[in-house]
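J.: Look at Swiss-Prot and you will find 176, 209, 214, 227, 228, 229, 230, 231, 232 tagged as S-adenosyl-L-methionine binding site. For 84, 125, 128, 132, the entry in Swiss-Prot reads site 'Interaction with substrate rRNA'. The annotation site 'Stabilizes Arg-84' is assigned in Swiss-Prot to 86.
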């Protein structure tokens with residue numbers, strides 16, 4: 001999508017990653033190393049339908065959003081509710097700041113509504129402000145990867161579909177939706193069993209819709225669950241699920 005929306009009357013500077021910017025890369029000592037294999041215990045979150053799309057404004061690209069590009073959206077008859085990258089930003093802030101992530105028990109994927117699949121290194125520090133996050137996403141969507149400042153380590157990368165090629169074979173895969181079967185307690189999502197049993201250490205995939213309105217549709221999940229009597233934002237759903245896994249797995 002491109003355009004010169006009438007509401008845009010000034011050039012905006014591309015907000016990218018500076019060479020000395022610590023915003024995107026935390027000290028490795030703050031994290032436990034996550035060795036990914038088919039049997040290792042972890043929560044795998046997939047943010048589906050993320051509304052991450054770039055738009056050309058004058059001579060630069062920006063992350064399309066309903067606040068900054070109202071003119072472009074009107075010109076193209078786009079619903080403001082369909083351009084909410086801030087939802088993905090809120091979810092990623094919550095997930096990557098969680099104790100579960102610091103303990104090395106969280107893995108995150110993002111798939112956009114245009115079917116772009118993104119993998120994010122657990123050691124990535126998500127930008128605090130939306131403006132900086134938007135600049136980073138533009139960089140990622142155009143260059144397909146973001147690397148750490150001090151090494152060749154990839155912090156974010158665009159990877160090949162399908163998502164099932166990147167998660168353990170045979171693990172449980174659940175989708176979250178207000179219309180799903182109500183679970184009395186989020187902890188019911190956590191694999192249960194004796195600590196010495198294989199089921200105790202099983203990874204589990206949970207899919208959350210990263211959009212404001214609409215129905216979450218996937219072809220790889222087994223069951224659809226609701227975790228509240230009330231509709232929840234994607235970020236709150238992420239928070240409740242992470243907290244449940246932290247409680248069961250003893251992460252403090």
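The backbone N, Cα and C atoms fix where each Cβ goes, glycine too.
Because the structure is a prediction, the values reported are computed rather than measured.
Locate each feature and note its surroundings.
T.: For residue 230 (S-adenosyl-L-methionine binding site), the number of other Cβ atoms no farther than 10 Å from its own Cβ, over all displayed protein chains, is 7.
A 10 Å cutoff on Cβ-Cβ distances gives residue 84 (site 'Interaction with substrate rRNA') a total of 21 other Cβ atoms nearby, all chains included. Residue 84 (site 'Interaction with substrate rRNA') falls outside any helix or strand according to DSSP and counts as coil.
Just so you know, the Cβ of residue 86 (site 'Stabilizes Arg-84') picks up 18 other Cβ atoms within 10 Å once every protein chain is counted.
In the three-state DSSP scheme, residue 128 (site 'Interaction with substrate rRNA') is classed as coil.
For residue 132 (site 'Interaction with substrate rRNA'), the count of additional Cβ atoms within 10 Å of its Cβ stands at 18 [all protein chains shown].
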J.: Can you tell which of 176, 232 has the most other C-beta atoms within 10 Å, given these are the binding-site residues?
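T.: Answer by Cβ density within 10 Å: 176.
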J.: How far apart, in angstrom, are the most distant Cα atoms among the S-adenosyl-L-methionine-binding residues 176, 209, 214, 227, 228, 229, 230, 231, 232?
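T.: The widest Cα-Cα gap among those binding residues is 18 Å.
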J.: Look at the recorded sites 125, 128 and tell me which residue has the greatest number of other C-beta atoms within 10 angstroms of its C-beta.
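T.: The residue with the most neighbouring Cβ atoms within 10 Å is 125.
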